[in-house]
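Asks: Annotations for this protein, taken from TrEMBL, read as follows:
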TRANSMEM  6-25  transmembrane segment
TRANSMEM  37-59  transmembrane segment
TRANSMEM  65-82  transmembrane segment
TRANSMEM  94-112  transmembrane segment
TRANSMEM  132-156  transmembrane segment
TRANSMEM  168-186  transmembrane segment
TRANSMEM  192-212  transmembrane segment
TRANSMEM  256-276  transmembrane segment
TRANSMEM  326-348  transmembrane segment
TRANSMEM  354-374  transmembrane segment
TRANSMEM  386-416  transmembrane segment
DOMAIN    453-596  domain 'STAS'
Amino acid sequence: MYGIINSILAIPGIYGYAVIIFSHEDFSEFMPALSKLVIFSCFIHQVVFALLSSLPFAIGQVQDAGLIFLGVMATSICNSLGEEVSPAAKVTTSIVTIGIATALLGVSLVIMGRLRLAVFASYLPIPVIGGYLAFIGVFWFYAGFALCTGLAVNGLESMIRVFYDTHNLLLCIPGFLGGIFFLVVSQRYDNSFILSGAIMAMPVMFFFIVLVSGISLEEARDGGWIDSAQEPATVTDLLNLVDFSQVRWDQLPKQWGTWLGMVFIVAIGSCLDVAAIEIEMGTKLDFNHELKTVGWSNVISGLLGGYTGSYIFSQTIFTCRSKTNSRIVGICVALAELAVVIAPVSVMSYLPRFFFAATVVFIAIDLMIEWLVLTYWKMPLREYAVLWLTFIAVNFVSLDVGMLIGLGIAILNFLLDFVRLPVVVRKQCSSGTMRTAAERSYLDQQRDTIACFELSGLLFFGSSVQILNSIQKAVYIRKVQHSTSNVDGDIVGDPDALLELEANQALCTQCLDGSPTPHSDAAPTDFVVMDFSGVSGMDATVARSAFLILQKYCTNYGITVLYAATLPTITKLLLQNDVVDKERLFTSRESALEFCENQLLISASFAVKVTTLSPVAATHDP
């Protein structure tokens with residue numbers, strides 16, 4: 001029973017897959033055979049998933065994630081070959097190219113699974129994937145128009161032309177209303193029995209209306225409601241689609257960029273499907289094993305002239321919830337698809353066009369609402385903007401370039417967030433060195449003269465401004481002293497007032513960047529300690545545009561800058577860019593602070609025994 005239901009859910013949409021892949025008008029006369037070739041590919045995928053997947057209830061079919069890439073390949077081949085090349089040569093070139101692309105995709109996925117690289121498939125940002133999936137929804141709309149009218153609809157311009165004829169518009173109405181009806185049913189009822197029943201009710205209702213109205217099947221065909229009767233495609237016709245003598249091999253290298261994008265999208269889509277299934281089951285799944293299953297499925301499908309496929313999440317979950325823990329369900333779906341392939345009839349010639357269109361429109365609306373609307377409440381506003389910009393780019397530029405644009409925008413959005421992360425914080429620190437009571441009392445009074453900064457994360461070019469500004473705001477210097485000759489004459493004549501003025505001037509400080517200090521009585525900074533213990537890496541831009549500038553500013557005001565706990569690569573970078581001398585490098589913040597405290601005590605005439613200093617210069621020569 002569940003095998004039959006899954007067949008009902010899967011097969012009608014497969015005709016939409018064929019329309020999406022072969023949307024160019026040069027494919028129109030070959031559509032019966034091409035449609036069956038897509039169904040045959042679904043049969044191959046389902047057999048492989050039934051045999052290899054760790055999930056006995058797995059449903060694997062040709063999937064929408066890679067379809068648009070295949071459609072772009074097929075359309076670009078037709079456009080590239082031009083009018084002088086026969087449609088048969090274009091068909092065979094497209095099938096061979098798509099088959100090779102699918103097989104190589106499978107090989108890539110198998111390698112990723114064997115090397116346990118499934119985790120890397122998730123590196124493409126979700127907003128970019130969402131923009132692409134919404135773009136798939138647009139193509140499903142085009143396929144819906146094409147199925148309803150029998151016309152070639154592969155873009156906005158060709159879709160608008162459909163509306164020029166009111167009869168075409170009339171043909172589209174039941175298909176789109178049916179798609180909305182299916183969406184409402186799927187949203188309101190979790191039981192897939194109800195959805196499959198609604199799908200089967202549509203052609204039954206059509207034939208009931210035709211019967212009551214006294215309209216014959218031929219009249220329905222003449223009106224465009226059913227495809228015209230034609231010779232069904234046989235298995236021989238499928239084999240005749242490929243003629244290697246007519247293949248234009250020069251078209252294969254032109255699809256490299258599109259293929260590369262397809263690998264990432266299918267890999268990510270498959271991992272997302274497995275993750276969703278894992279969440280639903282509440283059981284840990286081996287992502288790498290499932291990725292290999294998808295890979296082998298695509299290898300076999302591609303070698304047999306088929307198309308990309310993966311898990312069908314919704315149907316896999318439906319079968320899982322049915323507690324049918326058997327591979328028989330998948331085998332039943334495969335046998336149903338094989339029966340359609342070898343059947344001596346064309347299903348499209350006996351069922352209403354809008355029936356197939358409704359299943360396609362259902363998917364289109366579902367994808368577009370899920371990604372263009374509902375994600376507004378599921379992701380930050382800037383990521384939502386990235387999704388929309390990706391969607392617009394792939395629609396108005398091209399698929400591969402649009403994806404790159406979306407990825408670039410996503411990277412820029414990440415950098416905007418990353419540079420705002422605090423990478424430098426001032427800490428009130430002192431060393432743990434044993435001191436006498438007098439020494440500790442003096443150091444407590446002078447603790448504000450040591451500015452300790454804790455740096456963290458990856459310091460790159462985007463962090464330079466933050467580091468420079470933050471440290472300059474937290475390092476205090478004495479204001480430039482003015483000559484007493486410029487003060488009021490009454491004060492000059494009063495020795496006590498003059499001494500008080502000079503004392504106030506000595507205490508008056510400002511930030512290193514010239515701005516006022518937070519407190520008027522802030523002590524000027526004598527030492528700066530840069531603690532790199534939390535830093536994982538640094539580039540040359542930060543070394544020169546932040547630390548070299550800070551070093552020069554501090555030197556001008558007699559401030560000593562020390563660097564602690566730097567990684568060997570960072571130490572080398574600081575030395576090569578003349579930011580610091582070796583004697584100013586310390587193995588730890590503790591040793592750097594001890595050095596500063598000792599200098600303060602010595603300047604105050606305390607007798608200090610230096611025993612624990614450990615500069616890097618003494619132990620490490622980068």
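Every residue, even glycine, has its Cβ placed from backbone N, Cα and C.
Annotations in TrEMBL come from automatic prediction, not curation.
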Asks: Among 132-156, 192-212, 354-374, point out the range having the most Cβ pairs under 8 angstroms from the transmembrane segment (65-82).
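Replies: Between the stretches 132-156, 192-212, 354-374, 132-156 has the largest tally.
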Asks: Same-chain Cβ contacts of the transmembrane segment (94-112) under 8 Å, 6 or more residues past its ends?
Replies: 21-22, 27, 37, 66, 69-70, 73-74, 77-78, 118, 120-121, 241-242, 244, 247, 251-252, 255, 259, 262-263, 266-267, 270, 288, 291-292, 294-308
Asks: Reported in the order helix, strand, coil, what are the DSSP residue counts of the domain 'STAS' (453-596)?
Replies: 71 helix, 33 strand, 40 coil
Asks: Can you see whether the transmembrane segment (168-186) and the transmembrane segment (354-374) are touching - at least 3 CB pairs under 8 angstroms, only pairs 6 or more apart in sequence?
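Replies: Answer yes, regions in contact.
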Asks: Would you kindly check 132-156, 256-276, 326-348, 354-374, 386-416 and say which stretch has the most C-beta pairs under 8 angstroms to the transmembrane segment (37-59)?
Replies: 326-348
Asks: Any chance the transmembrane segment (386-416) and the transmembrane segment (192-212) are in contact, meaning at least three CB pairs closer than 8 A with a sequence separation of 6+?
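Replies: No, the transmembrane segment (386-416) and the transmembrane segment (192-212) are not in contact.
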Asks: Count the Cβ pairs between the transmembrane segment (132-156) and the transmembrane segment (326-348) that lie under 8 angstroms and are 6 or more residues apart in sequence, then report whether there are at least 3.
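Replies: Per Cβ check, the transmembrane segment (132-156) does not touch the transmembrane segment (326-348).
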Asks: Report the listed stretch (256-276, 326-348, 354-374) having the maximum count of Cβ pairs within less than 8 Å of the transmembrane segment (192-212).
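Replies: Comparing 256-276, 326-348, 354-374 against the transmembrane segment (192-212), the winner is 354-374.
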Asks: What mean pLDDT does the predicted model reach across the domain 'STAS' (453-596)?
Replies: 84
